[in-house]
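Q: Residues annotated as domain 'HAMP' in Swiss-Prot, with sequence analysis given as evidence: 216-268. What Swiss-Prot records for 273-502 is domain 'Methyl-accepting transducer', and it gives sequence analysis as the kind of evidence. As annotated by Swiss-Prot, glutamate methyl ester (Gln) applies to Gln297, Gln311, with the evidence given as similarity to another entry. What Swiss-Prot records for Glu304, Glu493, Glu502 is glutamate methyl ester (Glu). Per Swiss-Prot, topological domain 'Cytoplasmic' is recorded for 1-9, 213-556, and the stated evidence type is sequence analysis. According to Swiss-Prot, the topological domain 'Periplasmic' annotation covers 31-191. The annotation transmembrane segment is assigned in Swiss-Prot to 10-30, 192-212 on the grounds of sequence analysis.
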Amino acid sequence: MFNRIKVVTSLLLVLVLFGALQLISGGLFFSSLKSDKENFTVLQTIRQQQLLLSESRVDLLQARNSLNRAGIRYMMDTNKIGSGATIDELLAKAKEELARAERNYTAYEKIPQDPRQDPQATEKLKQQYGILYGALSELIQLLGEGKINAFFDQPTQKYQDDFEQTYNAYLQQNGKLYQIAVDASNSSYSSAIWTLIVVIIVVLAAIVGVWMGIHHILVRPLNRMIEHIKRIASGDLTQPIPVTSRNEIGVLAASLKHMQNELIETVSGVRQGADAIYSGASEIAAGNNDLSSRTEQQAASLEETAASMEQLTATVKQNAENARQASQLALSASETAQKGGKVVANVVETMHDIASSSQKIADITGVIDGIAFQTNILALNAAVEAARAGEQGRGFAVVAGEVRNLAQRSAQAAKEIKALIEDSVNRVDMGSVLVESAGDTMGDIVNAVTRVTDIMGEIASASDEQSRGIDQVGQAVAEMDRVTQQNASLVEESASAAAALEEQASLLTQSVAVFRLKSEGQEEYKAPVSNKTAPAAIATHKKTSASDYQDNWETF
């Protein structure tokens, strides 16, 4: 029957049981506490009533004592033998004590009466208090009016005795109530003790019952489950797991049984997979060894190619630098030729200016020659006139002769100068023609140098492009060399990984060999052991993590 009850239901029943016990014990203790509270309230009420009533009684007795002293003082004053306090002081004191007694009694009446107190006794006490209080007030009035005989004739002692008798009866009643409350409190305490004992016994019985139920429902099945789990942890999968209940423990046993069956299938699959992985890893390791040697050869060839490309790159860079310098020299020669052409053009222009100036000088010389010719004619005419004049014109004839000689010499000099200037003009014209021819030649030289400069610039540009292209080829070869080196490293790492995979497959097979299956009986599964060794290049290579392998393969 217990095997059909769910664990949750059992726990709920336990909680309900202990909750009911808690409520019952709480109710009993609350009832006892309530009774104790009521008894304590009665005791506190009686104590407060007695305290206030006792204080009021004492105040009344003190007021009567003060009035007696005042009456005696009044008689002594009449006989003129009095001393001490005056009558007025004693009367004032008596009034104050009566007022205090009234306040205490009023406070006493404000306290609620216990239902178990006798209302007749309370009413009688009130009447006797009122009589005594009124008598004492009347004594104060009589003594204040000087009615000493009426003062002493009043039966105050009888009123006091009646009040005392009623007061004592009231105290006896309260004493009985006090004792009843004490007895009730003791009885409540005893009941609480017995209730506690009974509750403890019931709780202990419930605990024993709950423990037995838990041991039957939870502990023993869980111990069986723990034993099965320990056997599974040790690799023993041959023991069946029984399912004897339909509660949570039964569900746990069924789940554990399902887990054992799945684990049996998993171990079988892992063993087969480990064997397959071991075989594949061995083949991968052999292939990686061959690939590693070929990759190393390829890396060596690429390294030689990279060195040759570096030398070719250096040579092309030198040619490009020489072409660049030749282009700069041609450009400088072109600039120099252009400057020479400009100088020749200036010379041509200057020769033209000289020819123009020589022509002007020839014109001026012609003018001088004409002036000399006219002067000669004038001198000849003067000589003729002097001859006609005879002796008187002899001196004028001499002067005219000298002028004629000078005119002839001037004409001769002008002719010679004209001839020289004409010859100079002819030579200047010839020089101008030659200079113009030289200017044209310099222009041709400048054009030729410009074309040479352009050609050298194109050669330098082509050399630069060729140098950059060879640089790019060199970089590509260097990158290929670097990638090949990385590939060689990756191949080595792959070979190491294959060897490690082979070793891990062997370890995995050995690990799953711990489990014992029903089909094997007492035979022990033997895992293959790796006896291959990695090549020297792989053995010296540093092991890396699986993530590094993946990153390197992505680079490859």
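Including glycine, each Cβ sits where the backbone N, Cα and C put it.
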Q: Sequence-remote contacts (6 or more beyond its ends) of the transmembrane segment (10-30), Cβ cut-off under 8 Å?
A: 192, 195-196, 199, 202-203, 206, 210, 213-214, 217
Q: Round to a whole number and give the Cα-to-Cα distance in Å for the pair Glu502 (glutamate methyl ester (Glu)) and Gln297 (glutamate methyl ester (Gln)).
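A: Between the alpha carbons of Glu502 (glutamate methyl ester (Glu)) and Gln297 (glutamate methyl ester (Gln)) there are 26 Å.
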Q: Using DSSP, how many residues of the domain 'HAMP' (216-268) fall into helix, strand and coil, respectively?
A: 39 helix, 1 strand, 13 coil
Q: Validating a neighbour-count step here. Other CB atoms within 10 A of the CB of Gln311 (glutamate methyl ester (Gln)): how many?
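A: For Gln311 (glutamate methyl ester (Gln)), the 10 Å Cβ neighbour count is 10.
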Q: For Glu493 (glutamate methyl ester (Glu)), identify the closest of the modified residues Gln297, Glu304, Gln311, judging by Cα separation.
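A: Closest by Cα: Gln297.
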Q: Provide the number of Cβ atoms within 10 Å of the Cβ of Gln297 (glutamate methyl ester (Gln)), excluding the reference atom itself.
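A: Excluding its own Cβ, Gln297 (glutamate methyl ester (Gln)) sees 10 Cβ atoms within 10 Å.
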Q: With an 8 Å cut-off on Cβ-Cβ distance and a minimum sequence separation of at least 6, pull the same-chain contacts of Glu304 (glutamate methyl ester (Glu)), or say none.
A: none
Q: Give me the CA-CA distance between Gln297 (glutamate methyl ester (Gln)) and Gln311 (glutamate methyl ester (Gln)), in Å, as a whole number.
A: 22
Q: Could you pull the average pLDDT for the topological domain 'Periplasmic' (31-191)?
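A: Over the topological domain 'Periplasmic' (31-191), the predicted model scores a mean pLDDT of 76.
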